[in-house]
Amino acid sequence: MAYHGSGSQSPGENYDEGGHHLQDIANNQNYEEEASRGLLSSQQSPFSGPFDDPQQRGLSPAPRPTSGYSLTESYAPEAAYHDPYSGNASVYSGNSENPAAAFGVPGRVASPYARSETSSTEAWRQRQAPGGNNTGGGGGNLRRYATRKVKLVQGSVLSVDYPVPSAIQNAIQAKYRNDLEGGTEEFTHMRYTAATCDPNEFTLHNGYNLRPAMYNRHTELLIAITYYNEDKTLTSRTLHGVMQNIRDIVNLKKSEFWNKGGPAWQKIVVCLVFDGIDPCDKDTLDVLATVGIYQDGVMKRDVDGKETVAHIFEYTTQLSVTPNQQLIRPTDDGPSTLPPVQMMFCLKQKNSKKINSHRWLFNAFGRILNPEICILLDAGTKPGPKSLLYLWEAFYNDKDLGGACGEIHAMLGKGWKNLVNPLVAAQNFEYKISNILDKPLESSFGYVSVLPGAFSAYRFRAIMGRPLEQYFHGDHTLSKQLGKKGIEGMNIFKKNMFLAEDRILCFELVAKAGSKWHLSYVKASKAETDVPEGAPEFISQRRRWLNGSFAAGIYSLMHFGRMYKSGHNILRMFFLHIQMLYNMFTTVLTWFSLASYWLTTSVIMDLVGTPSSSNGYSGFPFGKTATPIVNTLVKYLYLGFLLLQFILALGNRPKGSKFSYLASFVAFGIIQLYIVVDAMYLVVRAFTGGAPMDFVTDKGVGEFLKSFFSSTGAGIIIIALAATFGLYFVASFMYLDPWHMFTSFPAYMAVQSSYINILNVYAFSNWHDVSWGTKGSDKADALPSAKTTKEEGKDAVIEEIDKPQADIDSQFEATVKRALTPYVAPVEKEEKTLDDSYRSFRTRLVTFWIFSNGLLAVCITSDGVDKFGFSNSATVRTSRFFQILLWCNAIVALIRFIGACWFLAYEFLHAVRPTAPPAARFLHLPSPGSGLRSLTFYTQPSLFPLFNRWRRPFPSHQTPPSWISPPPAGPSIVRDASPPPSLYPGTLSDGAVITPSIQDVENLVHEPQNTANAGIPCKPIQKQQQQQAENAEGAAGKKKKKVTAAQLRVQRDLQELTLGSTMKMAFPNPDDILNFTLTIAPDEGLYKGGSFHFTFSVNQNFPHDPPKVKCTQKIYHPNIDLEGNVCLNILREDWKPVLNLNAVIVGMQFLFLEPNASDPLNKEAAEDLRQNRDSFKRNVRTSMAGGGVRGVQIRLGLIVQETDGWLPLHQHGDFSSWWYFISL
């Protein structure tokens, strides 16, 4: 990314060059309440505004009859007679007369559905038939439309553009409508694609494409909203919040990144992925149709019998609908106006669950768009003001940040009315404490165990490779392809692990081999989400969370050894070890929480109910006689309800036992409040009783500490209070967010025991239930099929209905009307599938869990076990256990508090401390005396990546500094008898030794002359001055040459080019931009460590002909032969003039990340890859080391790992010398 913070500064400002500042956006007091109007109005058109005024617009609407739901102000003149496809390549068939005029247009077509019908699924099904929008549901309407013939892409891909209603077109501001850079159809037509393939096969090679890529736009931010069955209110809340955040980004004035290389809105794509047609709320589709991203009647069930897997809609809109059914449309150029938003809507035909939705996002759309950052949201989660900008800023300012999340809090409603519900209040407290104590602690370590899928972000290139590969093992649609590694081949433990799939992705990202990605928590980024309000929904949700997190936690502990293969430094590894021990400790505490809570309850009731006769206290609160009886009844009530939980969990579903679970929550809440009252009585008695506190104050510090921390003293009570009440209050006030302590803490105290006794019991008892797999009952029989026809010598086409614009606009009126109907929750289908083997595993697990907790309780409290060798009595054991338990909780609380303090201090220091200049980010300068002695350069270009920060040696045409000397004599450096030729003329001779001082290196870094040739980064202002000087010199000394069309196109492509850190481009002849070289040094994958050079030759017929690309080295690759020819589909039959050099270079990069054995040039290498991937990997490494593969000698360099000392590079193949390197 090429963003450098603020572009211009006032004299009093001192912004960091590499940071990102948000002070240029004024605080909008009306972020929630914007200028809006209803979707429909009895007085005016919902889309009436300045862009529909006849004096301001050439296409003023013609007078038409007005109805209560009139949209006539938005119609273009003569819309009824306008042929929307005239002048293009579409072919018509059928009636040659104008169909609109023949059937009485411009008269309106009445809405075919009554208000009571429009929200029903049956009405939606009827509208999907061809012409269904104009039928009354019966067969009496004989109206027919003209048709057009649509050519399939590559003869198999159906991709069609449909006109959007005039009201939506006219809502786009004129300055965008008149800009044809993105194509004439971006704002006038919605694009529909019927994807009949697996997400992995959604590629350019197979004929699929997306509008941002077709318009040659770089996607910086891909915002994904995953949806299951949320109603239109929840969906609108999320979508409108996203559009408000995009507006915040577009309104940035001082951002060089967002304001450079095209409009900011063209760098952002919003993608909605709906998980199946059946569970989808059809009213939500009407809301999407209102903003232009969906239309009824265009989806196809199959294409020539090949079933459609996903229906993909694309449109760029400026409209948004708020949760309260208000339409937000542009009215002026003010800061509150929403910018255009590139939107994609992927409606999967079948319900295949969230992991499959993410596979469409990452493997299908991500690989075509190649975004830098992907932000994940769940429908119903509303991002707060500037929250997406804060997330993106965290990635920009930290190049090693692989994933991040913001703060999620519960949706409390207007006036916090939802806090009246104890379950909502308890969950609000839980979220808040997690964001204050747990997330900052884990962020300080660098490994956040879970980035919630409802609101998180990932760097796309960080999760590519093994993280996504492991993550997608949980996708059931890949079960046949993966075999035993897939979901069907997993045991029940692994299947539960994928219930918390986001935890797996987090671990795989941090443990990625050879990388040093870390995860972080961004406090400033906030979002609110809806939480369960009823006991059955709450229990069902936590069953999946608890089982998934427990299994994923065990998985991360068992595979912690993979961290040693990552690229983390020693300090990071030290803290990761600390975090591993902490997680192991908390896992043990969680496992024994059932027994621990029962013992705590029993101990407190015994202390207050049956006090010792020697201290003079009576039983509390009912006296010496009644209190023991009440306490015994409370204990039996506790055990009885606990036993009931196992019975309910093993034989009932929460929704089928609502009353029983509600009674259990109430019973455990009452018991918990009783225990709290008893505990408070103990505290009061300890500090205000007549007997003095048993602190020893006259025998030294040691005796005082011993008495303070003894189990019989008041010290342990102080520690217990500080670890709960004190810690929560102090940390909340430190983060300036204490309100939950007053509004939600009491409810949490009442529900806390139910977390253990109800939620944990239900979760473990239903370990066998991995029911978030596919239902397999989805049907799309309401959708029509698409059949192709093919005449001799012509391409295959599909005949499509061609509706006149007047009918499209009339049907849009009915769509808007349906969008306002009240939401009616559908009746959920309840299905139960049980497997005997899963039940058996569940029974064994629960038995062991109950037995271990019961054994602990019996060993601590029963006198009957004394005969087995226990030296202490049960009373002493109980006292010791109570002391250990409180100490353990205090230690955990202290660790969380330290993490929270460290995170707060780190945020404060980075807020006030300026960041390092850009040069220091690329070159790590060792301190004097660190042992830097010499640096040996080898002229073979493929060895240059050995110097991670130095891509080329110092050029020989420039006078070498004093610290460059000839090769020394002696056996330590031996000159190669036949060194390979250098691709970089003018480099140092082989074996030259450089012995720089620290000051020499610093001078070279900050020296502006020839730094571009030396491959050493310099300050951006120096680069800019150098480029300006070169341009001025060229303009003064040379005559202006004639520039060809190919040169102009290449020049534009180069300006829009975004090269990653693993690629370098060079021009041997600066005057010839049609011939250049590209160096790719992959930092992951099979070819990691290599450096590969390609020549690009662009002829004068570009872009009608593709560039010619050739590899200058011999390489063992299935898609590159030994002569250097490259097999890339877009360089051959798939080349289109709309493609640019950036698409070619991205394709070249993917060849090294994922070689394609199905389309080979080197058939031996392809066969090796297909049959034995490990063998192929060994052959690749051998070839990169200079060895021979199948009798062919391949000379390539091998990157060695960076080190702080001398590192020998052993001889490989025909390398006859020993070379020594030291890293900078």
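Note: Cβ is positioned from N, Cα and C throughout, glycine not excepted.
Feature annotation from TrEMBL assigns region 'Disordered' to 1-71 (among others).
Annotated compositional bias 'Polar residues' per TrEMBL: 1-12, in sequence order.
Taken from TrEMBL, the feature region 'Disordered' covers 111-142 (among others).
Here TrEMBL flags 545-561 (among others) as transmembrane segment.
Nonlocal intrachain contacts for the transmembrane segment (581-599), taken as residues 6+ away from its ends with a CB within less than 8 angstroms of a stretch CB, comprise 449, 550, 553-554, 556-557, 638, 642, 753, 756-757, 760-761, 849-850, 852-854, 856-857, 860-861, 878, 881-882, 885, 888-889, 892, 895. Marked as transmembrane segment by TrEMBL: 581-599 (among others).
Per TrEMBL, transmembrane segment is recorded for 633-650 (among others). Residues of the same chain lying 6 or more positions beyond the ends of the transmembrane segment (633-650) and with a Cβ under 8 Å from any Cβ of it are 598, 601-602, 605, 657, 660-661, 664, 667-668, 671, 674, 757-758, 761-762, 765-766, 846, 850.
For 662-684 (among others), the entry in TrEMBL reads transmembrane segment.
Residues or ranges marked as transmembrane segment by TrEMBL: 714-736 (among others).
As annotated by TrEMBL, transmembrane segment applies to 884-905 (among others).
What TrEMBL records for 1021-1041 (among others) is region 'Disordered'.
Annotation comment: TrEMBL describes 1022-1035 as compositional bias 'Low complexity'.
Marked as domain 'UBC core' by TrEMBL: 1045-1189.
DSSP assigns C1127 (active site, glycyl thioester intermediate) to coil in the three-state reduction, placing it in neither a helix nor a strand. Under the heading active site, glycyl thioester intermediate, TrEMBL lists C1127.
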### Summary
Ordered by sequence, the long-range same-chain Cβ contacts of C1127 (active site, glycyl thioester intermediate) under 8 Å (at least 6 apart) are N1119, I1120, D1121, N1156, D1159, P1160, L1161
### Task
Tell me the residue counts in helix, strand and coil for the domain 'UBC core' (1045-1189), as DSSP assigns them.
48 helix, 26 strand, 71 coil
#### Entry: For the transmembrane segment (662-684), distant same-chain residues with Cβ under 8 A (at least six beyond the ends)
422, 535, 600-601, 604-605, 607-608, 620-621, 634, 637-638, 641, 644-645, 648, 717, 721, 749-754, 757-758
